[in-house]
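Participant: As annotated in TrEMBL:
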type	residues	note
TRANSMEM	A:12-31	transmembrane segment
DOMAIN	A:61-250	domain 'ABC transmembrane type-1'
TRANSMEM	A:67-87	transmembrane segment
TRANSMEM	A:99-124	transmembrane segment
TRANSMEM	A:130-154	transmembrane segment
TRANSMEM	A:174-194	transmembrane segment
TRANSMEM	A:232-253	transmembrane segment
């Protein structure tokens, strides 16, 4: 009983208009010749040129990229281990505390996470900078990775792993040759999620960054506070563009993978 | 041995970078503010041994919590955060449900695209999305120009830097969190139940209230928590869209810490916020567990 009534069509149109109009306005005004953000002064790409010459933004973008790269890798390794322990670890001392610590950061307000990590770094005398941002980001993103990977681990048939062990694999070989390829899609989407979270984070980074390292969100936040500017419009457009291309590419890849699997299944049926 | 190290690495990491920091926040909330580095006393002197530890414990007290209770700024901020989070969650539900419903009832071949359209803003930078509202809500912004053009108002309204802008901001950025879980439950809904209801004489609207809504309850609850909990501690939206009279506890905490440099009070603010949050978090976990049990 799927039908597109006028009610559904209106709510979809209005809903998506609400979600997209603000972003589309930003994109349009990034090509505005005028410095004033509300007056249209003709088409121009000059703000992109100014953005690319803005040293402060470029260095902040580079810091953000490095932080995202390292923290998402650490988060993926730790998060996958965490998911494995959560699903396969069996009983061990402090299991409830462990699963609590995996789920708690997902709902914790960022101001509290940021404050507590900053106080930790200060009390152990760790200098704030890129390293502390990486540690902080790896910690909260590993929890997201764990949740994504553990949902895949739960639904997977354990007997293949046991078969590998019976056939003489060491537990590590069984993990590398059997388990990892099966959970790979979840690990990759966990890594992408960790990367996005790290690139996007403002609150935690501004607590733990210190004066020596500024990430792009911190830089953007401080310039937005001074008012709307065409450079920020240009930067936003670039970021929205990257995300759009990335999301569409990812969805096309999964769609193609699903279609290939269906075709293989059909061929296997015919052959059998 | 291998199993032990597999468990130990993530466990110790979370213990050191999640649990211990909270204990430190709690400890500092019991300390006094001081003009030193770090700006609070007492600090634990490990060199003094057991006597130093006892001395340290005896200097901790609940003064900061008493201060929070007596100064109206704090409890007003807590109340107004809860109110803002609650109203925004309700508006998210009012807007999100029809969108999710429309998606679930759209032709099958559209659904992946519609899903993509909801996820896309979700992956787009949060800060950029809040920023995109500033230009629209400002005095000479698009919304005012539109309303004047239609003739609803004669003079531009002040929306930016008020609580209304904060509501719009929270609803705009968090509505995907509401749409996705509701869509997930609606898509699983068995259409034949609705047909049966109509055969038995229900009108479409009646069938909607008596079948669709109760069966999508789990998604509605999940969506409400996913919006309410982060909205409660929100800091970015009130500081960019709200005015000086917008009271939200996340903003108060941030300013207490960075502007006033009163770390003990910031710690106490965080501890109370956590206590307020524990109630919805426990309720949410219970709901999740019920959903899991219902599925198996």
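Using the three backbone atoms N, Cα and C, a Cβ is placed for every residue, glycine included.
What's the neighbourhood like for these features in this structure?
Facilitator: Here the transmembrane segment (A:67-87) has Cβ contacts under 8 Å with residues 98-99, 102, 130, 133-135, 137-139, 141-150, 153-154, 175, 183, 187, 190-191, 194-195, 198-199, 205, 215 of the same chain, all six or more residues outside its ends.
Beyond the transmembrane segment (A:174-194), the same-chain residues lying 6 or more positions past its ends with a Cβ under 8 Å from any Cβ of the stretch are 71-73, 75-76, 79-80, 84, 137, 141-142, 144-146, 148-149, 151-153, 156, 160-161, 164-165, 250.
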Participant: Using Cβ atoms and a strict cutoff of less than 8 Å, what residues sit near the transmembrane segment (A:12-31) while being 6 or more residues removed from its termini?
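Facilitator: Result: 37, 43-45, 47-48, 230, 233-234, 236-237, 240.
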Participant: At a C-beta cut-off of under 8 Å, are there same-chain residues at least 6 beyond the transmembrane segment (A:232-253) that contact it? List them, or none.
Facilitator: 23, 26-27, 29-30, 32, 37, 47-48, 50-51, 57, 192, 220, 223-224
